[in-house]
Amino acid sequence: MQLAVSATQTSTGEAFQFWVLGTVAVIGALCTVLMKKAVHSALCLAGTMIILAVFYLANGAYFLGIVQVVVYTGAIMMLFLFVVMLVGVTAADSLKETIKGQRVWAAVCGIGFGVLLVAGIANANLKHFDGLKQANAGGNVEGLAALIFTKYVFAFEITGALLITSAIGAMVLTHRERTERAKTQRELSEQRVSDGKHLPPLPAPGVYARHNAVDIAGLLPDGTPSELTVNQTLRGRGQIRDVSSEALSDLKALEQRSTERLGREEEAAK
Amino acid sequence: MNPVNYLYLSALLFTIGAAGVLIRRNAIVVFMCVELMLNACNLAFVVFSRMHGNLDGQIIAFFTMVVAAAEVVVGLAIIVSLFRSRHSASVDDASLMKL
């Protein structure tokens, strides 16, 4: 890598790395734009950023390569994922265009802009590459530190002020003032009683000799099933199994059979 | 391979990011596209640093990263508070100031 940095013409290894990883980076960027769900976009962007970190390393920016992995893919993308989870993973973009022809014109503008950029680079005089061998001679991190704390020290201090401002700004933006006093435990319990809610623990589901599943409602004294005894989720799905009538019909069938047998025995006795 | 190809890649990534900002309407994805554009610029800075043989380009890229971090913090806070008040992260819904 050290050798490749200094050459005007890169080594074959770096060229191979560029063509393979560059393709993946472009695919990742396209997926960031085109994926419907924000989570997929975020993951594709993280992949592109890691590849960019490899390119920084290949270009002799050893410190920046590591910072790219730690700060961008580590901190910033995690922040993005946090917000995506907060906002809702399932929230997908609606595909309906609100402005007519917006997509087409955006694509046209993008392609035009890209052509302009590429034409500009192609026309620029970029024949000579000095390479970083001399600049990195004393170590990349040492060289950067020497520049930051001498030539760019003012910008560095302003950056510190910017970071503090943004941290306070984020706190102010997401902070929500409580508009009313928090209720005490006593007030909460009094409210529960006055609302007429079910206060004691809910009754247990029914237990039979054949069924002891939670989806079977317990029976009230008059024999009707009580929906309160079944889990709220099952109640909402309508998955309550009612075996009380089943048991009654079983009993009826048993009585029928026994009377038939008794009748036959009586006939035989005659 | 000439290192200029890195610049072409950077221009391509920047273009894709810009098109994404224009096309997408989910505020979070728009924000990610902005990050992509910043990263493409950083790559160009690093390559120019290699071209000129000094570390100034890398310093600028470093400052870009710091500013991007600050920008992400404030931007995501704005998106979260927008989502709290409107229950949507779509940039179309925030049109209160439209005539």
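Just so you know, glycine gets a Cβ as well, placed from its N, Cα and C.
Keep in mind that TrEMBL annotations are predicted by a computer and have not been checked by a curator.
Annotated in TrEMBL:
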type	residues	note
COMPBIAS	A:180-198	compositional bias 'Basic and acidic residues'
COMPBIAS	A:252-270	compositional bias 'Basic and acidic residues'
REGION	A:180-202	region 'Disordered'
REGION	A:251-270	region 'Disordered'
TRANSMEM	A:16-35	transmembrane segment
TRANSMEM	A:42-64	transmembrane segment
TRANSMEM	A:70-92	transmembrane segment
TRANSMEM	A:104-124	transmembrane segment
TRANSMEM	A:144-173	transmembrane segment
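Under 8 Å from some Cβ of the compositional bias 'Basic and acidic residues' (A:180-198) lie the Cβ atoms of residues 228, all in the same chain and six or more residues away from its ends.
Per-class residue totals from DSSP over the compositional bias 'Basic and acidic residues' (A:180-198), listed helix then strand then coil: 10 helix, 0 strand, 9 coil. DSSP places the residues of the region 'Disordered' (A:251-270) in helix, strand and coil in these numbers: 19 helix, 0 strand, 1 coil.
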